[in-house]
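Pulled from Swiss-Prot:
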| type | residues | note |
| --- | --- | --- |
| BINDING | C75, C77, C90, C93 | Zn(2+) 1 binding site |
| BINDING | D465, D467, D469 | Mg(2+) binding site |
| BINDING | C819, C893, C900, C903 | Zn(2+) 2 binding site |
Amino acid sequence: MKDLLDIMRKKTDSDGHAPVEFDRIRIGLASPEMIKSWSHGEVKKPETINYRTFKPERDGLFCAKIFGPVKDYECLCGKYKRMKYKGVICEKCGVEVTTAKVRRERMGHIELASPVAHIWFLKSLPSRIGLLLDMTLRDIERVLYFESYVVTDPGMTPFEKYQLLNDEEYFTALEEHGDEFVAKMGAEAVQDLLKDIDLEAEISRLREEIPQTTSETKLKKASKRLKLMEAFKDSNNKPEWMVMNVLPVLPPDLRPLVPLEGGRFATSDLNDLYRRVINRNNRLKRLLDLAAPDIIVRNEKRMLQESVDALLDNGRRGRAITGSNKRPLKSLADMIKGKQGRFRQNLLGKRVDYSGRSVITVGPTLRLHQCGLPKKMALELFKPFIFAKLQASGQATTIKAAKKMVERETPEVWDVLASVIRQHPVMLNRAPTLHRLGLQAFEPILIEGKAIRLHPLVCAAFNADFDGDQMAVHVPLTLEAQLEARALMMSTNNILSPANGEPIIVPSQDVVLGLYYITRDAVNAKGEGMVFADTHEVNRALATGQVAIHARVKVRVHQTVINENGEREQQTIIVDTTPGRCLLWEVVPEGLSFDMINLEMTKKNISKLINSCYRKLGLKDTVIFADQLMYLGFRQATRSGVSVGMEDMLIPPTKHTIIDKAETEVREIEQQFEQGFVTAGERYNKVVDIWARTNDQVAKAMMDNLSYTLVKNKQGEDEKQKSFNSIYMMSDSGARGSAAQIRQLAGMRGLMAKPDGSIIETPIKANFREGLTVLQYFISTHGARKGLADTALKTANSGYLTRRLVDVAQDLVITEPDCGTSGGLVMTPFIQGGDVIEPLRDRVLGRVTAEDVRRASDDEVVLPRGTLIDEKIAAQLEEAGVDEVKVRSVIACESTFGVCAKCYGRDLARGHLVNPGESVGVMAAQSIGEPGTQLTMRTFHVGGAASRTSAANSVQVRNKGTVRFHNVKTVQHAKGHLVSVSRSGEIGIADELGRERERYKLPYGASILLKDGELVEAGGIVATWDPHTHPLVTEVAGKARFSQIADGVTATSKTDDATGMTTVEILPVTARPASGKDLRPAIVLDTTDGGEQFYFLPQNTIVTVRDGETIGVGDVIGRVPQESSRTRDITGGLPRVADLFEARKPKEHAILAEVSGIVSFGKETKGKNRLVITPDDGSEIYEELIPKWRQINVFEGEHVNRGETISDGPQNPHDILRLKGEVALTNYIVNEVQDVYRLQGVKINDKHIEVIVRQMLRKVDIIDGGDTSFIKGEQVDYIRVVQENQAVLAQNKFPAKFERQLMGITKASLSTDSFISAASFQETTRVLTEAAVTGKEDDLRGLKENVVVGRLIPAGTGLAYHLERRRQEAEAAEHALHNDFSEVDQAFSQALNSEQF
């Protein structure tokens, strides 16, 4: 390993040597010798520069003798000047004659008069010095800051090593024992103790000790110490180097002193901190020379320690040292951490030359790959190219002349500019760049004016609009950069969105409106019923006004269709269409059929059209087509004359009657409230309900009124036709506006919310057309302001989420074609509440099959494994009736670094199998983060009013089909129907092909009316249940007998006034008298065969049978009312996504069964129930204490499976991973994240979420090391463990046992192998301290590390460079081996020859 400083020096060799290539960077502790080897001399004085001459003081902090000359090739006293004396050292002032920039790299040093502990290794938790010495941080600090003595060598005295003595104890001991023992204080003492540690002996002692340790805390501490000691042993770091004897001094140009006008100076804080250290150090030296009293020396040493602490990390210990203006000084640690630190400000984000920015305006005449660049800007950006061209063509003799010409802007300069710009792409960027489409390349077209012109179709990708947005322009300089910009970043190559694989170059707003307008049809328009020979004839008729653009006519069209085999066929057909659609047909490329455009072109339809064009005809045709669509749309929107007027907002005539009716209902409820029939809460809920319903009714009336008009047709009868109302057309086409907005314009504004989120019960009955009263306006202002405040918060939070995601996934790159695994995820259609939300074809599209796909009906192989599923195959799968496919997934990928192409599948932005080197991690992070700002920030309070949907109480099917049970356990009731006794059962409905169309959850105790495999008609009811109670269902028949159910002790009888029926209700434990506290009420069934079955009754159970009654199988013997679910906050939107990715444990999460077995309840403790599970396999009994207020869903004697829910609540992802495995966890996280995005209508491919989950599952906890090198309790990379276990198994030894760990994204980012990446993310100090102590090597495998060290990244086109480096490295290693052997051979033969036998 070379020293980093040598590398830096090599880079700056003026002889033009190539920079040193390196493959890894190691960080470690610097020994005093090493610090001196870097140094060019000792800084002895605190002076900086002479304030009159501005020359640096000798031996001071800016000394030219140590750090180098201030001016290029000129010594300080001026004896030697110019290049010819290069390398001469002036005998007068001692300065070497060289370039001044060595002052940026030459370091100095300070010889400390007393050792000083490095604050990072002392105070950065856990304290490394403390761990090594096995002392507490407080004790060490007392020694370091001269409060106590520590025994470093006890000799023959009763003291122990590491024992602390205060002054009195020390002097008493001195009197008693004299110099038989040694005790010291300060950093010297700590340094001696560290020197004395025998790492080898300690390590072997700890290795023996760990297996015998019983206490958990001791074990943790011992294994931590062991890890640290081994790290020291392996890394060639010595523990005593954590205490410094020599302090390095930063090169002066990195802590500059700049003279300001008025004789003052601006200086870096570091100079103040160094001055403080030097002053105290010099004073200490003087005191030691004078043999000053101990107490004074001690104080000086303590002050020296404190000043070095402040220099390294100001404010970590005690109060931060402040400058003259009461602001804490910026120390070395502050220089590198945080957003303004070295990492994030200068290494990961740099400013670039050859860039400019300006306002953007719309460029409707541009082609998709073009942008308009103002001439002024282009002239400045392309200057070097222009200079070179002017010189080459002989128009200017020198660069200076060329410069003059450009400044004068002579005519020939413009000609040169035009030729330079031809075919030279520029990159446009709009901040915030949330995904890779925020930076795209275009060909510049020179324009007058000062604004950049942007093609309207790329606005969606940039999220740009023309209300004053600015964009930046960057010029790719090298040929390679130009090539990449053209081949990869050109806007024409980015038609599909990387997030979901759908077109992102889709017309919006005016274009959509124009296309929609010309493809509408109208009843009885001019020329209806005409027949045309071809589209040209239609054009002529339109131009001469013979036919209206919306008329219904017949036209003969020629179309080219691509058949099954990919061949093109010509067809001629006669179609019913309109002249407007014929206009559109003229721009549609060959290969698309006419019926794709023979309909109203809403935004959705246009998107579909572009998508199928891309899939069928490829990139080039799509780009041309998109441009043509845009030109046509703009032109026709202009000609349509669609505008917005007051008259367009039609208020429905029935509005007032609907509102009057609602007001009457509200009055009735008010009366009921006054008479005491309903409570205040109920009244409020009902009123809010009524108004919400009324608002919907008004909106419906308004939309009906707005969307249809009555017209006379040719026969003179009235016919309904879609309205040509401007506002309605805008909304219907998807150009602008939504039903909700039109409702506010022409319906009623409806209910408003108060600042705390509660709804104000009096709605705004007016709409914007009628106008609002002052009060109504005032009520509505709150929502508007909250919206603005929310947006600001949301942007920050969303950005932070994206940053964490990028950081955790940045090193995931496609590294190999196929890892060969057969693991993966089983994909089924995503069904929720009976609706197919995402069909199977959408979920498997672009994935690779993990095993053969077989048809459900005859088990025939439809698709072999390893096939990439495209649109065609997905359609075939659907036809074959396949309803689950096992596909490869990044979760199961077995590549060591990165993932393989087969596990990832299709590259969504390109539409084919992903290329090696594609940076899929960053793509995933951007795809999830980019829509973040569209998500809501609020947490919803779900209370009475908001949970408007009535609880489901039956399964009613929508489609005819066959009933399928999914893990449903049932018992047969006497009346003939089945009763469900399983908790996680589901019912599916399959169509005639065997594809599942619907799926419903089936609660415990539901009555099932059909059997598995029976047919059901559409609308048939399959199962019913009571949504408000939990039934207790008997699984055997017998006679009921009450046990420990005593009135007034454990139960209470209630008689219903209305019905006169008496019911027995079990009392809660808290409400029972003392005698009933320990009783466990139960119903015992004496079965017919003489056995007994106990049913223990939870608190609040309503018993529905009488003592001695005969009971059949499946009867309900008791009901537990479900607490009207407590108002609980549902976290929605962005915070929910963040919670999922941070793997946070939810409050009051669901309790799952840890093992499979029979449930029973043990002895209760105060406030908690004891749940006992007796496992099926006879292993040890599992017990858990559950708080009494938790509702427990299982009953005594019931059988549960591992991972089944015992008590409801939000799921805890860690439990899912532990009990159900990583596939179940992946499905849970993917579905939960998708729920949030779906609610906002954002489409993200599952793949992206899986990529992040893979990174969250990187680490495992070692439970038992076996014969591997891992220690129990250690955290290791999953892939590493798997590989080491395979190696160990091959030798027939014991592999390590481990448990997968789920880490939140922040923690996962920090636990990455690369310390550079972790340090530049968060907690810089902690990461660097840990890395330095353990002597970590960074292999520079991720993207971030390589950006920081300034190399090409190992992704995309940079991957080739890295693979080549790796290959060379492997070859060099092999070569070295051969060399060693040949040398040994030579030596051996020489020895043989020299011996005289």
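These residue numbers are counts, starting from 1, taken along the chain as shown.
Yeah, the Cβs are placed from backbone N, Cα and C, and that goes for glycine too.
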### Task
For C75 (Zn(2+) 1 binding site) and D469 (Mg(2+) binding site), determine the Cα separation and express it in whole Å.
53
### Query
Could you state the CA-to-CA distance between C93 (Zn(2+) 1 binding site) and D469 (Mg(2+) binding site) to the nearest Å?
58
## Note on the structure
Neighbour count check, CB within 10 A, over binding-site residues D465, D467, D469; minimum at D467
### Task
Indicate the candidate from C77, C93, C819, C903 with the smallest number of other Cβ atoms within 10 Å of its Cβ, considering only these binding-site residues.
C77
### Distance check against C893 (Zn(2+) 2 binding site) for the binding-site residues C77, C90, D465, D467, D469, keeping those with Cα within 10 Å
none
### Query
Looking at Cβ-Cβ distances, which residues of the chain lie under 8 angstroms from C90 (Zn(2+) 1 binding site) while being 6 or more apart from it?
C75, L76, C77, K79, Y80, E96, V97
### Message
Return only the integer: C-alpha distance in Å from D465 (Mg(2+) binding site) to C900 (Zn(2+) 2 binding site).
### Response
39
### Query
Any idea what DSSP makes of C900 (Zn(2+) 2 binding site), helix, strand or coil?
strand
### Query
In whole Å, how far is C903 (Zn(2+) 2 binding site) from D467 (Mg(2+) binding site) when you measure between their Cα atoms?
44
### Query
For the Zn(2+) 2 site given as C819, C893, C900, C903, which other residues of the same chain have their Cβ within 8 Å of the site's Cβ centre?
E816, D818, G820, T821, R888, V890, A892, E894, S895, V899, A901, K902, Y904
### Query
Hey, which of the binding-site residues C75, C900 is the loneliest by Cβ count within 10 Å?
C900
### Query
C819 (Zn(2+) 2 binding site) to D469 (Mg(2+) binding site): how many Å between their Cα atoms?
46
### Query
How many whole Å apart are the CA atoms of C900 (Zn(2+) 2 binding site) and D469 (Mg(2+) binding site)?
40
### Message
I need the neighbours of the Zn(2+) 1 site defined by C75, C77, C90, C93. Which other residues of that chain put their C-beta within 8 angstroms of the C-beta centroid, in sequence order?
### Response
A64, L76, G78, K79, Y80, E91, K92, G94, V95
### Summary
Other than D465, D467, D469, the chain contributes near Mg(2+) (Cβ within 8 Å of their centroid) the residues I360, A464, F466, G468
### Query
Taking DSSP three-state, what's C90 (Zn(2+) 1 binding site) in: helix, strand or coil?
coil
